[in-house]
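Annotated in TrEMBL:
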type	residues	note
DOMAIN	43-114	domain 'KH type-2'
Amino acid sequence: MGQKIHPLGFRLGTTQNHDSIWFAQPRNYSENLKEDKIIQDCIKNYIQKTPGVEGIGRIKIKKTIDQIQVIIYMVLPTLLTEGKPRRIEELQTNVQKKLNCVTRKINITSTRIPNAYSDPNILAEFIAGQLKNRISFRKAIKKAIELAEQAGTKGVQVQIAGRIDGKEIARVEWIREGRVPLQTIRAKIDYCSYPVRTIYGVLGIKVWIFLNND
């Protein structure tokens, strides 16, 4: 059988960097890891519940002794800075409460993704939205690939697994357009897996995007 490896972990140190940067002693490592998960989940839940705010690419975290710096990569970061009180300040207090850390200050900023559809998370979110509206999966994938090609990518592969179109037997369907060289470490490939709840059950969406050769 073919051995599958996570495309981002495989490229760490060459074309890929860590999304979370901090240093911890072995005994404190698990605590820091839990903190990262809480921060990411809290931000994602807040954005899902807030109407009109969507499109998170990735969340980067930098930790120092007295501060946690969080950068949210979004399609429209202005949506977080609007309103009274500003949504980003509300989000900051939410995360601070969840983490329950008194000694460290949390600073959250949002940055715009230049080519939104060259980010696999945004593409997966788009496909998920289409599937929830009961649009045929092939149509949704083809539209997503079209958007990715317009954003200047060299190749896209999309895979959907589960009870597609409500069929009784779960299956895996995938479509590839252009080149996606997963074996080449030099190739800058972005990847994400995204679960989507439909009325038939949970479907898994995976998106690989080949950006360029470094």
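The chain as shown is numbered from 1 upward.
Each residue, glycine too, has its Cβ placed from N, Cα and C.
Keep in mind that TrEMBL annotations are predicted by a computer and have not been checked by a curator.
Counting residues per DSSP class in helix, strand and coil order gives 24 helix, 24 strand, 24 coil for the domain 'KH type-2' (43-114).
Averaged across the domain 'KH type-2' (43-114), pLDDT in this predicted model comes to 83.
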